[in-house]
Structures are given as C-alpha cells and as structure tokens.
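According to TrEMBL, the protein carries these features:
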| type | residues | note |
| --- | --- | --- |
| BINDING | Cys49, Cys85, Cys119 | [4Fe-4S] cluster 1 binding site |
| BINDING | Cys195, Cys199, Cys202 | [4Fe-4S] cluster 2 binding site |
| DOMAIN | 40-158 | domain 'MTTase N-terminal' |
| DOMAIN | 181-411 | domain 'Radical SAM core' |
| DOMAIN | 414-476 | domain 'TRAM' |
Amino acid sequence: MNKRKNINIDINSEELKQQHYMEQVKQWNDEYFEKTSRRRKHLTVTYGCQMNEHDSEEISWILESMGYSPADNKEDSDLIIYNTCSVRENADLKVYGQLGALKALKREKPDITIAVCGCMSQQESVRNFIMDKFKHVDIIFGTNNIYKLPQLINSHLQTGETIVDIIEESREIVENIDANRKYNFKAFVDIMYGCNNFCSYCIVPYTRGREKSRIPENILKEIELLAQKGYKEITLLGQNVNSYGKNLETPYTFAQLLRDINEVDGIERIRFMTSHPKDLSDELIHAMRDCDKVCKHLHLPVQSGSDKILRNMNRKYTKEKYLKLVEKIKREIPNIVLTTDIIVGFPGETEEDFKETLDLVKKVKYDSAYTFLYSMREGTIAAKHEEQVPDNIKHERFQRLLDTLYPIFYESNKNYMNKIVKVLVEDISKNDESMLNGRTDSSKLVHFKGDKDLIGTFVNVKITDVKTFTLEGHIV
Ligand code: SAH
Ligand code: SF4
Ligand code: F3S
C-alpha cells in the first residue's frame, strides 16, 4: 500500500451486541443438539446478482456461527431464508410462488422459521404484500442490515412474533462478518454498496440505497487473508465500481485499488463488476492495461444504442461517446474482451431506436451479452412513461437481437481455435462427471476432460472446438 497508513479497526458496539445475540442463539441450538443429536438446519435460497450471492455467503456464515448446519431441502430445514431480487418482475413472481408453496410445510412443521430478505424486502409495497398474503413469513429484513440477523432471529424465537426490520439508508459497513464462500479458490469481495445513478428503469438505487465505499485498508486486508487461505481469484463487487472511493474521507480511486490489489502475493486473477461507461476513466484503462493480474475482460453495460433511449434511461452517454470509449479501450488493451447488458423494449423505443442498438452491437462485436426484456418496476421514473412497448413487439425485437448477437459471439470464439489457453478449473460438468469446466482470463467458459482433483488449479487447455457460448478442448 502506498500513501495510506494502516489503521486498526476496533470492534464497535453494534458488533458486540450482535455477538451477544449470536451466542444466545448458538446456545439454544447447542442444547437442541445435545438432546436430539441432530443439528438444526438452514436453507438459504438466493436470487439475483453476485452481490446477493455474496450476501448469502455472509448469511450462511452468520447462521453456521450460530450452530445451524446447511440443509439439502426445505423439508429437512428449521430455518429457510429467501434472499430476493427485484430487478425484473419475473424475479418477484418466483419468490411469491415459493412462499405460497411453503404454507403447507409451515402447517405441518409450525416450528420452522421462514425469513425473506434482499431487494424485495426493501420496498414498502412489496413488504406489505408479503405480510398480507404470506402470514407464515416470520422475519423480514433487508439488504442493509444482514449483520443484525442474530438479533432478529433471537427476537422471533423469544416472542414468536413476526419481526420486520429494514434500514432504508445504504448498508452499514460492519467488518466483523465473514462469509461461507461457495468455492475455496475464487471469492467475491464487496468494495462498495448502493448506487447513485438512478437509471430510470432500475429499482436498485431504491433497494440498495446510496453509494458507500469500504475503506481500502479493509478490502486489502480481506484479500490478503483470502490469499493466505489459498484463494487465487477475486471478483470485486459494486453496482458501479468506477465511482469507488469518491465518498471516502481520503479520496481514493478504483484504479489505485486495482494497482494495490495487484501487489497481493498469491492472488493471480482480479475481476470486477460492474463498470458504468460514464465513469470509465483513462486512469482505470491504464491500470487494467498495466496490472498483470487484472483480467482483460470488461463488462460495460450499454443498455441501448439509441441516443433518445439512452437519454430517457438517464445513462449520461450517447452512442457515439460509448463507441469512442470502446475504440480507446481496444487501442490501449488490444486483447480486451467486452461484454454488456442490453434492455429491449424500453418505453418509447421505436423500430429506428432498436435498429441503432443492432448497429451498435455489430460495431462493438461483444464477446457475450446479457439481454433483457424491459420490465416495469413500480416507483421508477420509466414506469410512469405512457408509451410502454407492447409485449409482442418486445419479444420480436428480443429474438432479432439474439439472432444478431449469437453469430458475433461465435465469430469471437473462433479466434480461440487451436490456441492454448490458461484455465482456472472451477467445477465438474453437470452432465458428464469426466468433464471439467473452467474459465480463461477473458472469462470464456471452457469444457475439457480431466480429474476433479484439478478443481481450483490452473491448467493449459488446447482449444479444439468452439460453440456460441463455450470453448472445448483438452489439457496439454
Ligand atoms: N449496476 C449494474 C447492474 C444492474 S442490474 C449496472 O449498472 O450494470 C443488471 C442489469 O439488469 C442492468 O444492467 C440492466 O440491463 C438490467 N435491468 C435493470 N433494470 C431492468 C428493468 N427494469 N427491466 C429490464 N432489465 C433491467
Ligand atoms: Fe441500476 Fe443504473 Fe445503478 Fe446499475 S448503475 S444499479 S442499472 S441505477
Ligand atoms: Fe437484484 Fe438487488 Fe442485485 S434487485 S440484481 S439482487 S442489487
């Protein structure tokens, strides 16, 4: 670390309070174990983005510190938590379906505790709907108070009442929570919470509150500890990592953070999500170029290619500005892999607007893209727009967008034919246990034959076949 001196972070009174409740619940669970030789079990079901996935890893850590062990299914659980997403309507509907289906289980096992957290809980209308329609939900908490879970569970156990606890302001930065990470070689690390951008279609600023950055010392300390435990890859998380550090007492940029993390021994790959095009600085492009551990992959959501739609989305760039930015990135980092998010059918989108999106994706030649049908989110500015695009037109445009994108992805993958790539082995394949999956530095998914002992290690793979979404090959 340069420029900043290390500081010791004292445990604060809130953290002490939660430790106290943690011990109480643990005692209750330990007594049950002594009597029955069975551990109470939890099931944490996660929807939504990586941020939610990582929040669930923290929730699991809190629960397991309190003596719960993980359950394989709902029937065998004593505590079920739905960590919800609200980014599109489908996400809400899935959770309502799940909650409805739990009514019968709660009748059969009245002692089971059911909790809902995440982005749906943060919205008052959704919360009221859940309390009204799903009276078997025992605890509702939000995205900003995960650290309070010991207290909330304890209160419910003591009183038997429904506990609702929401903090509107963005997440308290509590540093004494660890995470039960899904993998032991790659890890998510939060660098900031919340979002200040208010893209007109998006619910996230309402569910995650305003931007708040963790101080770099704490981020680096977490990454150093991960490296000591053998982690090789980290993914830095924030809704808009480019604005990292702006609200810190000592201003500090995301580019500086990348340069500092690049010095951590043991970490071999650094990824990050997500970058807003309006804030992508030259300083960051240079840091990506210079830092050997920073993967040459940039997820740069464009959302639309039409200036009118971009303006109405409040994205603060034009098609031309975005294309110029892409040109600069490709010039500075010639092997960069670019991916994006695109919304089809934003209110007021005409055929001409949509054609601008098709034109843009052909010019950028993305390696991959997440494509979404616009979904109206109550409380956002775009939901009030009168010219909503009819569903049939949205679907038709969506299909045309995929028909344009897929050949572009395939063309980009063809460049890997007969090349040898370095892959971090992640998993065994779902369909065939003799096959492994892993990712290149550029985030391409690779399938190849190999032993599961290789998971968590780097191997060299020669690419012998390519598909639209994957590369295939053999270890060399
Ligand atoms: N902060 C990140 C991710 C936000 S959510 C970013 O700005 O990139 C991930 C994606 O969901 C967005 O990029 C957008 O493409 C999509 N999305 C958000 N709200 C949506 C909505 N109301 N309807 C359809 N897609 C939406
Ligand atoms: Fe939503 Fe825009 Fe913030 Fe991303 S930058 S979370 S799309 S408001
Ligand atoms: Fe969904 Fe919330 Fe993430 S709305 S996409 S879980 S920030």
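Every residue gets a Cβ built from N, Cα and C, even glycine.
Model, not experiment: these values are computed from the prediction.
Positions of TrEMBL features highlighted on the structure.
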residue: Cys49; record: [4Fe-4S] cluster 1 binding site; DSSP (3 states): coil
residue: Cys85; record: [4Fe-4S] cluster 1 binding site; DSSP (3 states): coil
residue: Cys119; record: [4Fe-4S] cluster 1 binding site; DSSP (3 states): coil
residue: Cys195; record: [4Fe-4S] cluster 2 binding site; DSSP (3 states): coil
residue: Cys202; record: [4Fe-4S] cluster 2 binding site; DSSP (3 states): coil
All chains considered, the count of other Cβ atoms within 10 Å of the Cβ of Cys85 ([4Fe-4S] cluster 1 binding site) is 22
By the 10 Å Cβ-neighbour count, the most surrounded of the binding-site residues Cys119, Cys195, Cys199, Cys202 is Cys119
For Cys49 ([4Fe-4S] cluster 1 binding site), the same-chain residues 6+ apart in sequence with C-beta under 8 angstroms from its C-beta are Cys85, Val87
CB < 6 Å to ligand 2, subset of binding-site residues Cys49, Cys85, Cys202, seq order -> Cys202
Across the domain 'MTTase N-terminal' (40-158), DSSP yields 59 helix, 23 strand, 37 coil
Close to ligand 3, in the sense of Cβ under 6 Å, among Cys49, Cys85, Cys119, Cys195, Cys202 as binding-site residues, are Cys49, Cys85, Cys119
Near ligand 1 by the Cβ criterion (under 6 Å), the binding-site residues from Cys85, Cys119, Cys202 are Cys202
Near [4Fe-4S] cluster 1: residues not in Cys49, Cys85, Cys119 with Cβ within 8 Å of the site Cβ centroid are Tyr47, Gly48, Met51, Asn52, Thr84, Ser86, Val87, Ala91, Gly118, Val204, Thr207
The DSSP breakdown of the domain 'TRAM' (414-476) into helix, strand and coil residues is 4 helix, 35 strand, 24 coil
